[in-house]
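This report concerns only the one structure given below.
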């Protein structure tokens, strides 16, 4: 492929500066041999976006010019008439109305035409064929009608975004042409070194991707309450309302007001695959519904929450858009308060469904079955997808089912799974560079935590015992172990006494 002309330092895109003319070596062949030559010469052909490598021959309607890659150079050229082409034209002109010639018989009849010959493209007597395969050389030497010079015109449309940006940005720069697509929006995350060229980068991305209508760049400004980044429009229309498809679900969102990351689609799918039809799911930081909507489509009952009122709005809208609004109960509140409230809400909802005929009918449409008893219903899964701060909300599970033992079927009832997403900063010694990776910690809610007393104040630090299992009876787990060790010490010079040391663990 021929690279574009270099224009280092260009800050305003000037497409006309990328127009060039290039001379290539062409192989003149009979038109009916085109397919054969293309097959054999496939690795030696000229390839350029939006350019054909077979051209009409201005000297004959019955011949074509196959363009060779730019590495093939001519060694000698002349303006004399090509002898092979002359023989071909003479042979062609000798064909009668039945398709026969006095010289030979063509495999396919060719209609009689008046042919005029003019030397338009210079004839090449010899080429440097070191850059083409032996198979190509053999076919050319036996069946081609010679070599010619052929001029092609290239412009801005004949190169991709990478090629154009390489010609504009400083030499040896890593071209920032990658982006995340959210509907019609291309979301870039440009490093500081590329900010002087941000507008031209955005315009090139817009030009080279027909489905993109808006190009944005994430700024350093972040909303501290709802955790979404401020966006700067680099090119295109000012429209941040997008619609995306993930799996068999559609999502509508305002990309400037809510968080969405298309690269997490595999994580969304992974977790939803863990859910079973009829499971009760609690999505603590639901956003616009990337976990809630597909879970509801699977037949789960989802209680979904988000503190951001805009996310809450689109969560409800996406439930309707995917026709699962009857299986999603939406909330707009603080995550910690939601965790504690939702346990009671779930039990209350199911209790009403069990005792009211009308509600039971509604419940049947939701879950596929009615509730025959007022047993206590636990959630099967809690999803906590807020990597920056989700761990800080885990203290809300302490005492979540405190004093509810009487309404729970059995102390052996399986407690919910908690899926907590978090960031981890890791230092890779080999490359000596810090990296931040996202993880999902999944663990079963421990009985000693679930049935323990509710702490009077939210604890700042939370410690996870990921390897602990709820093996002990919940009654025993409720009691905090205390031990007092009396240490008697006698000192003749001081008063005798008893020191009590209270050790808690």
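Glycine residues also receive a Cβ, built from the backbone N, Cα and C atoms like all the rest.
Automated prediction, rather than curation, is the source of TrEMBL annotations.
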Per TrEMBL, which of 239, 248, 385 sits in the S-adenosyl-L-methionine site along with 268, 306, 307, 334, 335? 385
Of the ranges 424-464, 465-505, which one does TrEMBL list as region 'Disordered'? 465-505
Candidate with the highest Cβ count within 10 Å, taken from the binding-site residues 306, 334: 306
Sequence gap of 6 or more, Cβ distance under 8 Å: name the residues on the same chain that satisfy this around residue 268 (S-adenosyl-L-methionine binding site), in order along the sequence. 246, 247, 290, 291, 294
Using all protein chains in view, find how many other C-beta atoms are within 10 Å of the C-beta of residue 385 (S-adenosyl-L-methionine binding site). 23
Residue 385 (S-adenosyl-L-methionine binding site): secondary structure state under DSSP, collapsed to three categories: coil
Taking DSSP three-state, what's residue 268 (S-adenosyl-L-methionine binding site) in: helix, strand or coil? helix
Give the number of CB atoms, excluding that of residue 335 (S-adenosyl-L-methionine binding site) itself, located within 10 Å of its CB. 20
Model confidence over the domain 'SAM-dependent methyltransferase TRM5/TYW2-type' (179-505) (mean pLDDT, whole number): 77
Max CA-CA distance, Å, over listed S-adenosyl-L-methionine-binding residues 268, 306, 307, 334, 335, 385: 22
